[in-house]
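Colleague: The structure under discussion is supplied below as C-alpha cells; questions concerning it will follow.
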C-alpha cells in the first residue's frame with residue numbers, strides 16, 4: 001500500500017545525526033536536561049499527518065480468513081483455561097494467579113522471587129491492583145450487553161443521568177460527518193481517551209461468537225456459567241439481543257477506537273504488582289470511557305455499542321483507525337506511547353470521517369529487534385517471520401501476523417501472580433515518541449541494517465531494564481499516573497481531530 005514519502009536523509013546528514021550536531025538532538029529526548037519541548041510538541045502533532053497511508057486497511061489477509069470466535073482466546077478456551085497454582089492444584093487460571101498473589105504478600109514479595117522492602121509494600125502493590133479493577137469488574141467489561149456495558153441506554157434512566165427527558169429518543173439534529181467527528185472526538189477526550197481514531201467497521205474483526213453469561217445470572221455467580229452467543233448483522237433499527245443472538249444493525253458503519261495510556265514507570269516494573277496495578281486502573285478507565293461516550297452518542301440521536309475488550313479484535317480496529325501498527329508481541333504500537341496503552345472501541349451508526357492508517361516503520365523494526373521475544377519469560381513470542389498460518393486454536397489464520405503461543409503466555413500469569421507485561425515494558429517504543437524524532441524513523445524504515453544499532457543503543461542506555469518498585473512508590477505521581485508531558489504529547493485541536501480523506 002502506498003504511503004506518504006518520508007523525508008530524505010543524506011549520508012552526511014546521517015553522520016551528523018550519529019556523531020555530530022544532530023546527536024545531541026537525538027539523545028536529548030532520552031532524558032538529558034534541556035530537551036527542546038517546543039520541537040517535541042511540534043513533532044508529536046505532525047506524526048499522524050507525516051505517516052498517513054492511503055485509504056484502505058494495511059492488514060494483509062488471504063482467502064483463509066474467517067471471523068474469529070471469542071471462545072478461542074486463551075482466556076476462555078477449555079485447552080488453556082485451567083492452570084496449576086504454586087501448589088500444583090489445577091484451577092481457572094485467574095484463581096491460580098490469586099493464590100500466587102497471596103503467597104507473594106505473605107512472603108514479602110512484589111513479584112515472582114522479587115523481594116519487597118517489607119510485607120507492607122508487598123501488600124500495598126496488590127491492594128492498589130485490586131482497587132484498580134473495581135469499576136471494570138462491577139461495570140461488566142467481560143461480557144457484552146451485561147451490567148453497564150449495555151447495547152442500549154434503557155436502564156440508565158434520565159433521573160440517574162440528569163438528562164432532558166426524551167433526549168435519547170429525539171432524532172439527530174446533526175448529520176454532517178465533519179461536525180459529528182469533531183464533537184465525538186472532543187467527547188472522547190473528555191471521557192478519558194489519550195488517543196482516539198475512527199475507522200469504517202470491518203466485520204472481519206467482529207467476533208463470530210461472543211462469550212457471555214445468561215442475562216439473569218449475577219456476576220458473582222458467573223463462574224462456569226459462560227455461554228457462546230453468535231454476533232450477527234441484520235436489518236434491525238437498534239442493537240438488540242435475543243435468546244439466540246447478539247444482533248448488530250446493518251447500519252452500523254463506524255468504530256471509534258480509543259487508547260488509554262498506562263503509567264510508564266509502573267509498567268517498567270513488570271512482572272511485578274505495580275505493572276498489574278496500572279493495567280487494572282486502565283481497564284476501569286476503559287469502562288468509564290465506553291459508558292460516557294456511548295451515552296453522548298445516544299443523546300445525539302444515534303446508537304452506540306460499548307465493547308472494552310469484547311465484541312471484536314481491538315488491535316485490528318486500532319490499526320485501521322490510525323492509532324498505530326501491529327507488532328511482534330501482538331499489541332498495537334503507537335507513536336506516542338508505544339504498546340503501553342489499553343484499547344477500547346465503540347460501534348455506532350453516527351456518520352463520521354474515518355482516519356487514515358499510519359506506517360512509521362514498526363513492522364520493519366520488529367522484524368529485526370526481537371527484544372520482546374528475547375525477554376519473554378514464557379518464550380511465547382515467536383522469533384520467526386509473520387505468517388498466515390496460526391500455530392494453535394488461539395490464533396487467527398488468514399491474517400499476516402506474528403503467530404504467538406498465547407497458551408504459554410497465559411501459563412506464566414499464575415506463576416507471576418499477575419498479567420506479566422514484560423514485552424510492553426522492554427519494548428523500545430514504550431519510551432514514547434522519542435523514536436520518531438530527528439530522522440530515526442527514516443533509519444528504521446529505510447536502513448534495516450541499522451535496526452540492531454538502535455536496539456544496541458537502547459540496551460546500552462539501560463532502557464528496558466526493570467524498575468525498582470520502591471523507587472516508583474517514592475517517586476512523583478501525576479493524576480491518573482500520567483507522565484508529566486502527557487497532555488502536551490497528545491493534545492488535539494479541531495483541525496487535528498477532523499481530517500478529510
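Quick reminder: no glycine exception, Cβ is built from N, Cα and C everywhere.
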Colleague: To which of 332, 366, 409 does Swiss-Prot also attribute binding of [4Fe-4S] cluster 2 at the site defined by 376, 420, 423?
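Modeller: Same [4Fe-4S] cluster 2 site in Swiss-Prot: 409.
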Colleague: Quick check: with 366, 369, 372, 427 left out, which same-chain residues have Cβ atoms within 8 Å of the centroid of the [4Fe-4S] cluster 1 site Cβ atoms?
Modeller: 327, 328, 329, 333, 365, 370, 371, 373, 423, 426, 428, 429
Colleague: Give the number of CB atoms, excluding that of residue 394 (corrinoid binding site) itself, located within 10 Å of its CB.
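Modeller: Residue 394 (corrinoid binding site) is surrounded by 22 other Cβ atoms within 10 Å.
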Colleague: Please classify the secondary structure at residue 376 ([4Fe-4S] cluster 2 binding site) using three-state DSSP.
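Modeller: Note: residue 376 ([4Fe-4S] cluster 2 binding site) is coil by DSSP, not helix or strand.
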Colleague: Check residue 341 (corrinoid binding site) against DSSP and tell me helix, strand or coil, would you?
Modeller: strand
Colleague: Between the Cα atoms of residue 313 (corrinoid binding site) and residue 420 ([4Fe-4S] cluster 2 binding site), find the distance and write it as a whole number of Å.
Modeller: 20
